[in-house]
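Colleague: In case it helps, TrEMBL gives these features for our protein:
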TRANSMEM  21-40  transmembrane segment
TRANSMEM  52-74  transmembrane segment
TRANSMEM  81-99  transmembrane segment
TRANSMEM  105-126  transmembrane segment
TRANSMEM  138-159  transmembrane segment
TRANSMEM  214-235  transmembrane segment
TRANSMEM  298-318  transmembrane segment
TRANSMEM  340-358  transmembrane segment
TRANSMEM  370-389  transmembrane segment
TRANSMEM  395-417  transmembrane segment
TRANSMEM  429-451  transmembrane segment
TRANSMEM  457-480  transmembrane segment
REGION    488-509  region 'Disordered'
Amino acid sequence: MWWDERVSAQFRRNLQPTLTYWSVFFSFGLCIAFLGPTLLDLRCQTQSSLSQITWVFFSQQFCLLLGSCLGGVFKRTLSQSLFALFASSLAISVVFAIIPLCHNVVVLAVVMAVAGLAMGCIDTISNMQLVKIYQKDSAIFLQALHFFVGFGALLSPLIADPFLSDTNCILSNSTANASSNLPHIRKSLVPHHPGNLSHYDLPMKGMVVTRVSYAFWIMALINLPVPIAVFFLLYKERMVPCAGGSSYPLLSADELAMETRPSDKDELSTTVHRPHTAGGHDDLFSCCQSKNFRGASYAYFAVHITGALVLFMTDGIVGEYSGFVYSYAVEEPLSVGHKVAGYLPSLFWGFITLGRLISIPVSYRVKPATMVFINVVGVLITFLLLLIFSYSVVFLFVGTASLGLFLSSTFPSMLAYTEDILQYKGCATTVLVTGAGIGEMVLQLLVGSIIHDQGSYSFLVCGMIFGGLAFSFYAFLLFFHRMYPKPPSDDVASPDKPAVTEDTGQYQR
């Protein structure tokens, strides 16, 4: 195997929880990407206007951000984390199943808000748990985790596509004119920007003809094994009421020899009996309590802030680029055909998923700090070249693919790097997840307003500015890393000695 025996032993020992967290993140990806392509059919189902239906985006995004902030509440113990993941993944299946029954736009918005809360909890808890299990070796497993969200985000539009309406799904006297614009409207729908499509007049009353319900029911079935997998993990850990059996899996002889070297036995026996506490990772509001700031240096705060600002910019770029690249391509000077331009968002997300797959082995050989540096520099150079070759349709496609590759591993690499700086004792996971969510929401709204006022060319200019800011914040992070106090030498695990943490026993003994 391309990783060493110590990491391989860790993975084998934590196989079931690791696969469970990866599968839960697949649910996250499945839920995050279906709304865009199905929104017009949902508009027909609820018989609402374009302005009304696009606010369903907002309800999902806002509650996703809220769920990310509150997710750490369930991180205090392993049982709380697993029950929260079980409830969240089951809620996503239930949401998929009941969306076809929502015939009112307000009810649909409430349902999507529930989905957003579930997604936010999944985002925070899954990242936290993998960091907690693997610590200094977490980078490779975080890359795999974020590959699964990309895989889910690619799969859900493919499932929905055969069931989308080719013509307007509300039949009325004005259907013919509206249907000719339908492909363009579908690809131009952007969260928080219903005004962009206000000049299109689609019928709101008439006979509804849509088959999109089948897509949601298929996605509900595909997602159903995920809460079942979480339930099995709960059962294995004896956290299900009335469940018996052994609490912890046994280790093989080789793994036991690696993990319980004579010099470490006493330390491990003490560690195993410690309660499963949060270990410094908490919800955003708990992180902000004054008791967590006592004795902390300014570098402690600076690492949290600069790390979150890097992801604020990079995740914001993901949101604004995927949301507006189609609209940019069909406008002058490129004037790409609607059908061809429709491939750009798919190309972008496809290369994000490919990049995350490639980053799994790469992250084992390359330090997280180096990967983040490559990512932010690559994003900056790509936007610079997109500006230079702004009249080239070919380079727009090349640049879109390049941007997807460079952005793909930024979040997991930054998370691994920042947690490593803070020695896994800060609130980095919660702060970074929240910062990334706010960036995706705010920058999309900001870029939409700028494009509306200044024209399509400002789309690339905004990306260049955001990329430059991401690089600047990363440079500040490197500076504060140097200023941050290093741990005592006897606390740092050597390559052949596993780091013993507060929760070492939670899956191992």
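All residue numbers here begin at 1 and follow the chain in the order shown.
Backbone N, Cα and C define each Cβ position, glycine as well.
Computed from a predicted structure; not experimentally measured.
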Colleague: At a C-beta cut-off of under 8 Å, are there same-chain residues at least 6 beyond the transmembrane segment (138-159) that contact it? List them, or none.
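Modeller: Same-chain residues near the transmembrane segment (138-159) but 6 or more away: 3, 7, 11, 18, 21-23, 25-34, 36-37, 126-127, 130-131, 215, 218-219, 222, 346, 349-350, 352-353, 356-357, 359-364, 368, 371, 408-409, 411-413, 415-417, 419.
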Colleague: Look at every Cβ pair spanning the transmembrane segment (105-126) and the transmembrane segment (81-99), keep those 6 or more apart in sequence, and say whether at least 3 of them are under 8 Å.
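Modeller: In this chain the transmembrane segment (105-126) contacts the transmembrane segment (81-99) - 3 or more Cβ pairs sit under 8 Å.
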Colleague: Which one of these stretches, 21-40, 81-99, 340-358, 457-480, has the most C-beta pairs shorter than 8 Å to the transmembrane segment (214-235)?
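Modeller: The stretch with the most contacts is 81-99.
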Colleague: Counting only residues 6+ away from its ends, which parts of the chain sit with a Cβ under 8 Å from the transmembrane segment (370-389)?
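Modeller: Residues 139, 310, 314, 317, 359, 362-363, 395-396, 399, 402-403, 405-407, 409-410, 413-414, 417, 460-461, 463-464, 467-468, 470-471, 474 contact the transmembrane segment (370-389) from elsewhere in the chain.
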Colleague: Would you call the transmembrane segment (429-451) and the transmembrane segment (52-74) in contact, using three or more Cβ pairs under 8 Å, pairs 6 or more apart in sequence?
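Modeller: Answer yes: the transmembrane segment (429-451) meets the transmembrane segment (52-74) with 3 or more Cβ pairs below 8 Å.
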Colleague: Contact between the transmembrane segment (81-99) and the transmembrane segment (298-318) is defined here as three or more C-beta pairs under 8 Å separated by at least 6 residues; is that satisfied?
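Modeller: No, the transmembrane segment (298-318) does not contact the transmembrane segment (81-99).
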